[in-house]
Amino acid sequence: MAGGPLAPAHVAKERAEQYQGRVTPYVIITCIVAAVGGSLFGYDVGISGGVTSMDKFLSKFFHTVYVNKGQAQENNYCKYNNQGLAAFTSSLYLAGLAASLVASPVTRKHGRRASIICGGMSFLIGAALNASAANLAMLLLGRIMLGVGIGFGNQAVPLYLSEMAPAKLRGGLNMLFQLATTLGIFTANMINSGTDRIHPWGWRLSLGLAAAPAFLMTVGGVLLPETPNSLIERGLQRQGREVLEKIRGTKNVDAEFEDIVDASKQANAIQHPFRNILKRRRRPELVMAIFMPMFQILTGINSILFYAPVLFQSMGFKGNASLYSSALTGAVLASSTLVSMAAVDRWGRRVLLISGGIQMIVCQIIAAVILGLKFGNNKELSRDFSIIVVTTICLFVAAFGWSWGPLGWTVPSEIFPLETRSAGQSITVAVNLLFTFIIAQSFLSMLCALKFGIFLFFAGWIAVMTIFVYVFLPETKGVPLEEMVLLWRKHWFWKRIVREFEESDDDETRECI
């Protein structure tokens, strides 16, 4: 029966050591092209913060904020507190949330490439609307279309990378998505620093250039091969094996092919993956799909990246100095992601997540203490303390870049079995975008209310998530996708839940016999 219990023991067999193949130039090229989808998300995160600090943009669409900015002291925490301005940033993520749920059946029934193409085309339309916006309604409509593009892209690209990459290097290749995201942020920051000098239409150029990564993503989606997992799941076994042989560089792919075929049989027996993912036996994966993206956002990183120019201006950095400071954080984020790519398949996911969490906690507390003691409504940061704050934020961004940044996407994309993989990734993206929306909409008000306490707020959440990883997340390094289910049976906590399901499933089977 569709959505009924299926014992994973009858599907997952430990054949990982029999996997053959090597890292071929073909698989590297396809992964690099696909990862361009991450640059859409990154470019928007970087561009939004810069544009919302540009006077010409504010005077046209958010005149009240523009007036307040001119009247307020440069060290006023509340001068950008405007729900309309926050809606400009956050509306995209609410649209992305809804789109990610729609993208799940598209990705499953029509393949990963179909969602990648849909995402690229939607982003192209959104970029055109924003660049030519004549009023706030047109601007917000463009943001919604960008959100649709991000919803489809973030749902399909991590899955594509996980399924194309060999198990031993899946972490590093999957992180190409995060690398593209960070490069998108850095590129956007550099563009903002240049377009800020172009009056009065520099902001239009910043928003319109989002079409460049969208075009690359759309063309890439057309030219890329489909993943073998998706082809086999849709009954195209011959084509699936051909792609598998090509990306592994060998004809001897029997073990991996058999694992994918077994998984596809179980997947095709599930007509309602969202209903199936709620079953008890999928509880470990569901918990990770919800908490990993939620915690990723609650590090506070998006707040810093969205509003970096605004945040630095609130701290007393003048004009272009705030844009340069945010460009610096973007460069740090991109370079630290390279560290993670080199280390993730050597040291594992848990080591990076835990060590990164500890470093982020320390940095948030240091920033909060300095701002609490040396900065306020009637205080201005000295040059020396300003340098310390920027350095601390850069160290925070670096820790995020080699831990929760890439792994917040990598871990959820690799833990689900094929029958719920698309649904699981949709949940991951939806939760990520939901909390991104909440933080983006509320951050300016929180900054105004909590002041330096905003850093302590996020530090508290980072402490919680670091403990969560230590206690509940098993190491997934080097484990093939189709054998990931075996991890939960060995974990000290999750094995109780999984075994309880298997025992009840065996009882049902005996009763049927």
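Glycine residues also receive a Cβ, built from the backbone N, Cα and C atoms like all the rest.
For 23-43, 84-102, 114-134, 140-161, 173-191, 203-224, 286-310, 351-373, 385-405, 426-446, 452-473, the entry in TrEMBL reads transmembrane segment. For 30-477, the entry in TrEMBL reads domain 'Major facilitator superfamily (MFS) profile'.
Residues 80-83, 85-87, 89-90, 93-94, 96-97, 100-101, 103-104, 107, 147, 150-151, 154-155, 277, 286, 289-290, 292-294, 296-298, 300, 302-303, 306-307, 310, 408-409, 412-413, 454, 457 of the same chain lie 6+ residues outside the transmembrane segment (426-446) yet bring a C-beta within less than 8 angstroms of a C-beta in it.
In this chain, the transmembrane segment (203-224) lies apart from the transmembrane segment (84-102): fewer than three C-beta pairs between them fall below 8 angstroms, excluding pairs fewer than 6 positions apart.
Only residues 6 or more beyond the boundaries of the transmembrane segment (351-373), in the same chain, are considered here, and those with a CB under 8 A from a CB of the stretch are 299-300, 315, 340, 343-344, 381, 385, 388-389, 392-393, 395-396, 398-400, 402-404, 407, 451-456, 458-459, 462-463, 465-466, 469-470, 473. Between the transmembrane segment (114-134) and the transmembrane segment (23-43), the number of CB pairs under 8 angstroms, six or more residues apart, is three or more, so the stretches are in contact.
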